[in-house]
Amino acid sequence: MPYDALNDVPDEALLVAYGNGDGAAARALTMRLAPRVTGYANRLLKDRAEAEDVTQEAMLRLWKIAPDWRQGEAKVTTWLYRVVTNLCTDRLRRKRGSALEDIPEPEDDTPGVEQSMQNSARAQALEAALRLLPERQRQAVVLRHIEGLNNPEIAQVMDISVEAVESLTARGKRTLATALAARKEELGYTDG
Amino acid sequence: MPTGDLMQRIIAEADAQGAQRLVPAAPAVKRGLFATALAALGGWVSVAGLATATVAGIGIGVTSPATVGTLGLSALGLSAYSASASTQATSAASDTTYGETDYATGFYDLAVEG
């Protein structure tokens, strides 16, 4: 079946189809989900190569769980974001093993955002500000304001309460606002 | 965007996982009654040992001292019967006495043939 024919098929239906042996469904899911997963992982890890490793691992887990997927229990994207969040957290902890404090590393030359966003000053500024956030705040803010998840979904992804999500995003936004304040007009931020 | 290489790797893994699920499990080996009994006895090697022991036992029985056989037959009151086919009788028994091999000729042949 051509990919186009699967464009309107929900993620979950594609996953179930793949679990039943439909390889085209896996291709459609890959095209649809892998870019999002890579972008999210990249924002958390700030490392393109590691983000791709995480993407491959998360997608492999998705393929493995497909035959046992229980329909209606969770959105595929929520499940995937949760897996990616956990994988990224593990990697960050391993990386941090020898570090004494949780201070984000200085920005390096590694491309850190999706190509389209890299071309935007606003995106670059936001990306830089995001890196100032503590890990959990960064996860919550990225999921809420970049990935577009709602608070209950973020709560599932991060395995915390909705109230905790609200607290993390509120604190994250305050930090971002402070970091971006100097460039507010330049970047076109007119609201909180 | 992820690299094309990454997308290819992800799709390849999806295909591999799908193919893995399609491979049927190896069917259970169905054993017949004879094979089951053979396995219970420990296989061909054990059965060969049993056969050897059985044949050896028969051989020992057939070639046991004639007096024992004769005495045994006498005790059963068989020595009075005449038997023209008593070719295996020993010197300790008369021609009219049945030897033990008269009752087990087939077994002796079997023992010889192995």
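Cβ coordinates come from backbone N, Cα and C, glycine included.
What TrEMBL says about this protein:
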- A:31-96: domain 'RNA polymerase sigma-70 region 2' (DOMAIN)
- A:98-117: region 'Disordered' (REGION)
- A:102-111: compositional bias 'Acidic residues' (COMPBIAS)
- A:124-176: domain 'RNA polymerase sigma factor 70 region 4 type 2' (DOMAIN)
DSSP-assigned states of the domain 'RNA polymerase sigma factor 70 region 4 type 2' (A:124-176) in counts, ordered helix, strand, coil: 42 helix, 0 strand, 11 coil
Overall pLDDT of the domain 'RNA polymerase sigma factor 70 region 4 type 2' (A:124-176), taken as the mean: 90
